[in-house]
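Positions annotated as domain 'Thrombospondin-like N-terminal' by TrEMBL: 129-305. TrEMBL lists 1-42 with the feature region 'Disordered'. According to TrEMBL, the feature repeat 'EAR' maps to 395-440, 442-490, 494-542, 546-594, 596-652, 656-704, 707-750.
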Amino acid sequence: ISCNPVTIQGPEAPQRGDPRSRGSGALLASHRRPPPSPLSHGCRGAVASLSLECGAHRAVNLAGGAASGALRPPGLCRHQNAGDTPTLKRPLLLTRLRIGFLRARLGPTDLRPLDILAEAVPPNGAAGGIRVTQAHGVRGLQLSAAAPHAVSFPASRIFFRCDLFPEEFSIVITLKVPSLPPKKNEYLFTVVAEEPDALLLGLRYSPTRLHFLFLSQDAAGAWQTRVTFLSPTLMDSQWHTLVLAVSEGSFSLTTDCGLPVDIMADVPFPATLSVRGARFFIGSRKRTKGLFTGLVRQLVLLPGSDATPRLCPCRSAELAVLSIPPVLQGLSGRPEDNEVLKYPYETDLKVTLGSRPPCTKAEDAQFWFDASRKGLFLCVGSEWVSVLAAKEKLDYVEEYQSLFTSSETLGIEVFAIPEAGLFVAAANRKATSAIYKWTDGKFASYQNIRTHQAQSWRHFTIGKKVFLAVANFEPNEKGQEFSVIYKWSQRKLRFTPYQRVPTHSARDWEAFQVAGEHFLAVANHREGDNHNIDSVIYKWNPRTRLFEANQTIATSGAYDWEFFTVGPYSFLVVANAFNGTSTKVHSHLYVWLLGSFQLFQAFLTFGAADWEVFRIGERVFLAVANSHSYDVEAQVHNDSYVVNSVIYELNVTAQAFVKFQEIPTCSALDWEFFSVGEDYFLVVANSFDGNTFSVNSIIYRWQGYEGFVAVHSLPTFGCRDWEAFRTAAGSYLVYSSAKEPRSRVLRLRTG
C-alpha cells in the first residue's frame, strides 16, 4: 500500500524535499472522525491531511501537540472496498511501533499522564468517608466508606476542549484488593453518562477475572462490550500495578511489569466515544452495589500510548509509579498545635506475640512483640528491627540442663514442628539416637530411633511435610551402608522411616531449595580407606515423592555441606577434611549455574570440619572450623591440633570471598552464629588441644572494625556441635559431647 501525494493545511507546510512531504506505507487512517487529544488541545488545529489509497482520511496535529486519531499499519484499513466489513485486527506490537514512528515524525508530543485519582480527591481536604490507610508500608486510599458520588468528578474537568475519549490510551492502576466471594464484582472506576444513566467505560474485577467495559454503537444501536482477562492473581493481599493498554481492537494487560497478556477483540474500542455530560466515578459505578472495598494508590490515564515502557523495568514493579496524589506521597506539612490533620490516617497494624516469627515479604511492615525481651520489633526486608526495647546485652552464660544421652553425641539439631512443639535430635555414637521435646521449660525424652554411629541430623520441610534425615557413618548388621530419611506422622506424632539412601560413611546432610525445587546433599567421608570419593546431591521428584541422585561432586574426606544465597545466586560449600595423606586440602565453594553446581572458589583448609555462613547488615561471611594440621610425611606434634580457623568475607568487587580474620582454635569442629539484642556472636566448638579433651570453647562478639573478640570462655569436654535456640522464656545454647554421654543446655543471661 502506498500513500497519495500529501496536501498540507495550516501554517507549517513543509517544503519540497522535506521528509514530512513523502507518504509512508507505515501510516494508514480511518475515515471515521479522528478523535482529538484529551489534553489542552482542542478538537481542531493546524493539521496535515494524508489521503491514502483505501480512501481513508488521517489528520495529524502539527502544532506541537499529540496525534489526534489512530494510525493503522499497512493492510488494516477499516473498509477494503465499499460495503466491506473490517476483518483484520492490528497487533498491539505494531501499535506500539506505530506510536514511536509518529513521535519520530512529529517530534515531542504532549502525552501527559492525567491523574484521575488526584482529580477525585481534592487537595484541600478529603471527601467524606475517604481514608488514608497504610498496608505493607505503603499508603493507599480506602473508598468503601464513601458515598459513590463523593469520589467522582465531571469528565469536562479534563476533557474541557474536546469531549471525545482518546481512541488509544493506557490506564495505570496500583491497588491492593481483598478476597471476594464467588460471583461478586467490584468496580475500580467507571465513566457514566448522566442522561441517560449509561456506562461509557469502566474497569471491574471478580475473584478470577478482570473486565474492561465500554459502550459500542453503530447505526443499529448501542451495546456494552466486555473484554475479559483471566486470573490476574490480584487477591493475594499484596500491592499490584496494572497497565491496561487499548488501541482499537487490541487490548493488553501487564501486571507488575511482567509479560503482557494481549487480546484481539472482534469489537474495537470506539473512535468517537463522547463523554459530554459524563462523570468519572472512582471505586463505583455510581451505585452502592459493587463498591470497591480494597485500597487504591494510583489511577492514571495516559492518552495515545502504552504506559508500560514508562514504568518498566522497575525494582519494585508492584509499586511502579507514573503519578500518585500528593496525599499518598506523605502527610502534607507539619500540623500546628491542636490542628486536625486534613486526611484521616490509619494503618492495618498487626502485632505477633510469642516466639520469634519469620520475617519475610508476607510480614513486611508488621510488628512482633517479644514478651521475654519486653521489646517491639518491626519486620524490614528480612530482619526484625528493634523499635521499642530496652537494649538487651549478654551478661553471662549459666548451665541450665544436663541432657543425658545413651552414648556420646556427635551432632545435634534443634527444630520446631508447627502445632507439635520444639525438639532436639541427638546423633548418638551407638545403636540408638534420640529425639527430645521441650516440655515445661526442659528437654524431655520423646522418641528413640535406631541408627548406626549417627553423625548428624538434618530437619527440613517440603510443603507441609516434615522430614528428618540422619547421616549414618557405619553399615548395619548385614553390612548394608545407608542413611535414612524419616517423615513426621501427624497421626502418630512420631517420625517414621520414609526413604533409605545409599551413603559412604556419611558425615552430614544439607537440605536446600533452588528455583522452587528441593535438594539434599550428603557428605560422603570415605569408602573403605579411600577418602577421595564422590558426594551426592539428591533432588526431590514430586511425581515419585522420593529423592533421586541429581549430581555427584568429587570430595576428599567430606565433613560438612553449607548452602546459602547471595542475591539471585545459590552457593554450596563443602568442608574437605582429609585426602588420605594430609589434612591440608582445598575445600570448595560451588555456584548454581545452568542447572548444576559448578566450582566457584577454592579455600586451603586444615582438616575442615564445618562451614558457617552468616550476615551482619549487608555483609556476608563464611567461617571454617579447622580441626587438625597433619601430613603423613611430617612428624606429628601435639600442637598440630592448635590451628587457626578462618573467617572470610564476600568481596563483591572481586567476586570472591577474601580472608577477614584468623582465630586460634583447638581442633575446632563447629561454628554457631547467634545474636542477642543488637549484638552478634560466634561460638566455636573446641574439642582437643593435643593433650586433653577438657578444652574451653569460646564465645566471640562482633566489634566492627576489630572483628570478633573473645568475651566468654565455656568449659566443655570433647565439644562436637553447638546449636542456638530461643523460647518465650529466653535464649539458649546447647552443645553435644563426643567424649561423654551427656549434652548440656546453657542459658544466656541478659541485662
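Even glycines carry a Cβ here, placed using N, Cα and C.
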Please indicate, using numbers and ranges, the residues of the same chain that are 6 or more beyond the repeat 'EAR' (707-750) and have a C-beta under 8 Å from a C-beta there.
-> 354-356, 371-373, 392-414, 422, 424, 426-427, 429, 438, 441-443, 456, 647, 660-661, 663, 669-674, 676-677, 681-688, 693-701
Counting by DSSP, what is the helix, strand and coil composition of the repeat 'EAR' (442-490)?
-> 0 helix, 34 strand, 15 coil
Do you know the DSSP helix, strand and coil residue counts for the repeat 'EAR' (596-652)?
-> 4 helix, 39 strand, 14 coil
DSSP-derived helix, strand and coil totals, residue by residue, for the repeat 'EAR' (395-440) | 0 helix, 35 strand, 11 coil
